[in-house]
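Student: Sharing the record's features from Swiss-Prot:
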- 1-52: region 'Disordered' (REGION)
- 27-40: compositional bias 'Pro residues' (COMPBIAS)
- 149-201: domain 'bHLH' (DOMAIN)
- 213-278: region 'Disordered' (REGION)
- SER274: phosphoserine (MOD_RES)
Amino acid sequence: MCPPQAQAEVGSAMTEKTEMVCTSSPAPAPPSKPASPGPLPAEEVDHRNTCNPWLPPGVPVINLGHTRPTGAAMPTTELSAFRPSLLQLAALGTAPPTLALHYHPHPFLNSVYIGPAGPFSIFPNSRLKRRPSHGELDLVDGHQPQKVARRVFTNSRERWRQQHVNGAFAELRKLLPTHPPDRKLSKNEVLRLAMKYIGFLVRLLRDQAAVLASGPSAPGSRKPPAHRGVEGNARCGAGHRVEAARSQPVLPGDCDGDPNGSVRPIKMEQTALSPEVR
């Protein structure tokens with residue numbers, strides 16, 4: 001039998017260990033190393049023989065009273081070392097729900113362009129222009145046929161205007177002389193060549209008008225216009241008589257008392273010209 005002092009030491013050690021195990025966390029304790037089957041120290045063998053005489057020989061027995069001092073307390077640094085990791089795991093476990101609040105499953109219904117911008121948006125809504133998608137355009141067009149009709153009319157009018165402008169440029173291009181006749185010109189070149197060509201024609205007409213105005217013209221080259229009527233016939237008759245009198249030959253002996261035979265002027269011109277002719 002063991003002495004009462006040894007039994008008291010063993011009992012106190014066992015109670016301390018049970019209290020420490022109960023107060024510790026449920027973390028698994030490291031497995032204890034099995035005792036080697038080698039020979040035991042002489043002190044343990046003597047103590048085993050004295051305290052536990054009922055155990056068979058060869059069974060290893062560890063004396064708790066000698067391995068750990070009685071007044072020593074188990075350090076809690078190893079148990080407290082696991083607590084920060086548990087807190088970190090708990091914090092990480094609660095983080096995904098906060099991110100899930102800002103996650104939009106459908107980009108069409110909740111997007112940056114339509115819905116309110118979250119804290120993770122790069123640009124504010126004031127700088128972004130709303131551009132509806134194709135599906136939204138179809139929905140809007142289906143509910144507003146007037147806008148569709150107005151859009152179709154605007155597109156057709158713009159197409160018609162563009163066709164007329166192109167036709168006018170083609171007609172103007174045909175009137176412009178170019179060195180290669182089949183030279184392709186842009187609209188800008190057509191307009192510039194048209195301006196130059198029009199200016200050239202204006203200068204040409206101006207020069208021709210100046211030449212015609214400053215040209216020499218004889219005073220008797222132009223014939224008076226023929227007037228029909230009694231006055232015109234009388235003038236024509238008097239003129240014919242004057243020409244006939246001038247064309248008659250004058251004889252040298254037929255002079256009125258002029259022995260020298262000098263030619264006297266014929267006074268028929270004065271008699272022929274009546275006051276009406278003058």
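For all residues, glycine too, the Cβ spot is worked out from N, Cα and C.
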Student: Looking only at the domain 'bHLH' (149-201), what is the mean pLDDT?
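Tutor: That stretch averages a pLDDT of 92.
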Student: For the domain 'bHLH' (149-201), DSSP counts of helix, strand and coil?
Tutor: 42 helix, 0 strand, 11 coil
